[in-house]
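Novice: Relevant sequence annotations retrieved from TrEMBL are reproduced here:
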- 548, 552, 661, 665: Zn(2+) binding site (BINDING)
- 1-698: domain 'Alanyl-transfer RNA synthetases family profile' (DOMAIN)
C-alpha cells in the first residue's frame, strides 16, 4: 500500500493523476523478508510462506467501503472461482480495550447478512485483525477470509492457528486511522479499502492442491532442482517427517531463487545495507541449503533462473545468472570454512551442552558473513541454540563501533617509546606484496604466520586482553596493508594457533613509527607471544588493487590530454570507488576522451612492473611524477607497460604511467575490466574532483545507458517502450543513489563547526547563510560567528562560504 499512502493521508498532489483515483485494482510484486512483516525464517518450514509473492489487490479511496468490499470478495471467490462456501471461514476485529477500539460489529453483521454461518465467523484481536504496516502510518481493522483445504468438518479452531490446512487467502483492510508518532490513533480524512490476496495461495486453492509448492508456479522449479542436484525427488514433507530437511531445502531454494531473480531484475542487488543486505541474506541462505543439504554443485542456483523467467515471463535472465554465480562463489569458501569451525566446536562440547559458544557464533557472522538466522538454523539441526541476548549485545557494541568512528590503533607517544626502548623490532610488512597471478587469471595471496609482539588497550601496553575487548595488536610480520598513500587499509581476520574455531576480526590497520597496528575485537583471550595465522579479505584487497592501478592510469590519461601542467592534488582508493583531485577541469568531450584513453590501456592488458630502487636513482627517471610527500629510501616504482630498468634508457620513446607508490597494484591492466567516471565537479576554484568506478560497477552504468538508447530508438509497441523506460528509470535511480553515496563517502557525516571572522561582511549573516544550506544553524555578532551543519566534506562548506562572500563583495562594488 506504500505507493497509495499519500491518498490515504489526504496528501496526494491535487495536480497528479493519483489524486483522481477512486477505485483501483492491481497486481504487485512483494518481498517480505525484513522489517515488521518478515516471513524469511518461516520459508521452507511450511508449505505456504514465501519471501516473494504476487499480491492481488483492489482499492477504494473514499468510494465504496465495508459492505461493498465484502460482497465483491465473496462473489469473486464463491461465484466466479466456484470455491465451496462451506470451506471458507471469516475473521473480524474483536476490539481492543487498551487502545480504546470497539469490536467491528458492522463487519460482523455484513457477513451474517450475506449468509456466512455464525460458526464460520470468528473474532480476533489486534495481532490478527488490526492491520498496521509499521510503527506509524495508515491502519485499521481488517476482515480475513480463510480456506480449509480438507473440508467436510468444522475447522473454526484451526483459523489463525498456523495450520498448513487452514490458511488465509484474502485480507480486507478498512483504512480508518493513522497511527501517530506518539502511538495514538487519529481518524483519516476519508475511509478507504485496501485488500490483498496472495496469488500463490489462490492458485493452490484453484488447482486443488494443499501446498503452494505443488502448483505449476513451483513444480517446474522443483523438477529443475532435482535434476541439477541428483537428490531424491521432492515429496512435500515437513517437520519430523522431513528427514534430513531435504524437502525444506527444496522449498527454500525454489522460493529464494524466485526472490533473487525478481529483485535483481528490478535493480536490487545483494549488498551490505538496507534491502541489498536482506537480499544478501536470502542468497546465502539459498547457497547453504543448495550445497550442504541438497549436495548440489556450485552454479546450480543461477541455473534455475531461466526456469523462473519462463514461469514469471517478465524479465531477461542472463545478467541475473552472472550476479548470482558471483555472489555464490564469494560465499562458498566462507561456508565451507564456517562448517569446519562449527564441526570442530561441536566435537569439543560436553555431551549435555545445549548452548553453542557465543564468541564462535559471532565470529562466523562478523568475519565469514553468516547471517545470524542461518547460524541459528544450522545449530538447530544439531539440537543446539545460541544465547540470543548475548549475541544482541555484541551486535549493538559492534554497531556503536561502526558508527562512532572511534579507533584504538593510534599508538600514543609513550607507548611508542616503550616499544622502541624495549627493542621490539619494527613490523615486517613486506608480505603485503606477496601475491601472484595464475595462468587462469586468479590472484593468489601467500599465507602469513606471525607472533604477537605487543598489545595496546586503553592507551597502554598490556600483556593480554580478554574476550570482547577492542585492542591494537602489533605483530612481528603482517600481510595486511596499513592505510597509507591514499589506499584504504585491508580487512580480514586472524586465527590463534591452538584455537582454530575463533576468528579475531581485523577492523582497521594503521602505521605508527614503523609498527603496523591491527585493530582487533578479541573473540577470546589474546596474549603477547601468541602465534597467529593471518587471513586477508581477498575480494576487498583485490578491489583496492584494481582501483589503485586504475588511479595511476587515470592520472596518466589526464596528463596526456591536459599536458604536463596538470597536477595531482589528492586521491583516495577504496574497494568500491576511486577519488582523484587535480588542477583544472574537464569538458564533456574531454571526459569522453579520458575514458577512451583508459579503455585502450585496459584493452591492451599491459603488464604492471613494480620494483624497489634507491630514491636518488628513481628521481632520474624521465617524466616521473611525484606528489608533495616524503618518500622512503629505497622507494617502489610502479610502471605500466615499460619495465623499470628500461625507463632510464633515453632511447625509450614510449611515454607511460610511472609513479612512486607504496600501494598494492594489479599485475596487468586488463584486470581493471572497465572504468567509468561517475562524477566530475569543481571543489574549490581551480581544483576538480573525479569519482570513478571500475569492473562490473562500470559495466552496469554503461549498460543502463545503452539499454535506454536502444529502447528510445528501436521500433517497438509504445506500451512496451513505456514499460521498459519505467524499469530503466528505476535502475537509473538506483545507480544515481549509489553514485551519491560514493560522492559523500569521503568523510562520515558529522556536525562540523564553521567559524567565520571578517570585517567587510556581517559574520552572523554569512554563517547563517552557509549553515542553513548545510542543514544546520548559526549565530554570533557582526565580526565573529559560528554554526553547525551536516557535511560530508568540509570543502563543500568552504565553497558555500566563498560563493556568499564573492556575491556580497561584487554587489558592494
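FYI, residue positions are counted from 1 along the chain as it appears here.
The backbone N, Cα and C atoms fix where each Cβ goes, glycine too.
Curation plays no part in TrEMBL annotations; they are all automatic predictions.
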Novice: Can you name every residue in this chain, apart from 548, 552, 661, 665, with its Cβ inside 8 Å of the center of the Cβ atoms of the recorded Zn(2+) site?
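Specialist: Going along the sequence, the neighbours appear as 545, 549, 551, 608, 638, 659, 663, 664.
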Novice: Within 10 Å of the Cβ of residue 552 (Zn(2+) binding site), how many other Cβ atoms can be counted across all chains shown?
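Specialist: The answer is 24.
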Novice: As a test of reading the model: what is the averaged pLDDT for the domain 'Alanyl-transfer RNA synthetases family profile' (1-698)?
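Specialist: In the predicted model, the domain 'Alanyl-transfer RNA synthetases family profile' (1-698) has a mean pLDDT of 89.
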Novice: List the residues of the same chain that sit at least 6 positions away from residue 665 (Zn(2+) binding site) in sequence and have their Cβ under 8 Å from its Cβ, in sequence order, or write 'none'.
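Specialist: In sequence order, 545, 548, 549, 552, 608, 610, 638 meet the Cβ cut-off.
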Novice: So if I measure Cβ to Cβ from residue 661 (Zn(2+) binding site) and keep only same-chain residues at least 6 apart in sequence, which ones fall under 8 Å?
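Specialist: In sequence order, the residues whose Cβ lies under 8 Å from that of residue 661 (Zn(2+) binding site) (at least 6 apart) are 485, 548, 552, 636, 637, 638.
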